[in-house]
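Under the heading transmembrane segment, Swiss-Prot lists 21-36, 101-115, 140-156, 203-218, 237-252, 457-472.
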């Protein structure tokens, strides 16, 4: 037939059997990729330190999605929350991966069967004897079935009625675990950070889908609407399906980048806005203040800060710090976190506590500036020593650590003080192992960043696909050269282009 590469899908345009076949094969490829990717990630994943080397630091992409749906155990004897387990059951990470691969194989065989046996009676219109699909009826069936699945997920899986529940955590990503969730039917259900909204929205949307599906199965579309929206044309289905997909892709790009109950920070890493707003820093200072109010010493108060909370308050975990085209996991960038050194408190020779101004997200380098409690600059690391007035040496800055590995250690040597001041720009200070993975020291993004970029990019692409195929199906007659206002009798076959007398064929 000699079709160009971008027109090859026209071979299934009027062939319902093979149209079904290629869609089953597509499902086989998607499920096969998911299962294979899960097995690859499990082969390289190190579950030994869920606090300082969680899945998102290791660049895991499909493991977080399995985990948020209730999978936490491995046939390797480990649990995602740490520790060992003896009986993971069939629905472990490997079990889910295997199920996808088996399903992929079955879909592969089904696709081959439908490609060979394409001319089935079910696709034949008994009135004309030609292949045809009752698209409004198929729409009703699909809407009904997806509504049942949606309702079932919300009413059974999420609520724990028949299923594990979903991953639920506190606002600071410290206590996450899989647990049943009760539907939130009040206004709080519309808060994107309330897990109960996931249950209630799936129940509500599923109910609507079931009712809408039954409606479309029992009511035929009016003739004018059927013709106006080209409901008999398979390209209409393609166009509206693309619209549904690109809309969903834009939505999930937003929920991933800005954060929501569906994208817990324990599984996907923190968002950039938590660094921008000093979210974890404020909570750490609140906890320290509460400790001091209980008559704890500064050292004791800082020692009570969970290492997990301190690790979130580090710029290397900000997904916006990694360039889009820097391949590899976060661990391949700044290294594998080994331990928290503690919180550095800087003081000048007059005893004032100084705070290092933190690096904003979109800076690669930033001046080291130390300010007092009133925001007045008291010390810095100058660019030109000759003009300096606030250098560490001149001001006599010292640093003392509270909590962490260096608890109680203090330094007055200017070179050491400056080293820790530079590192304090990046948030809490951690010891990082760059040797094991030959990490290059250049920040990488987390799976949160990759997911957002991928889905926003494909959503834009699919938006244009929707416009393209929508225009093709609505204006098919115009593109074919048939003018709806043509009142002259057209002799088909007389012209190379229908209705265009300038292209009259020559008589042989």
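Residue numbers in this text run from 1 along the chain shown.
Cβ atoms are placed via backbone N, Cα and C, with glycine included.
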Between the transmembrane segment (140-156) and the stretches 21-36, 101-115, 203-218, 457-472, the largest tally of CB pairs under 8 Å belongs to 203-218
Lying 6 or more residues past either end of the transmembrane segment (457-472) yet within Cβ distance under 8 Å of it, the residues of that chain are 235-236, 238-240, 242-243, 245-247, 249-250, 253, 479
Sequence-distant residues near the transmembrane segment (203-218) by C-beta distance (under 8 Å, 6 or more away from its ends) are 136-137, 139-155, 183
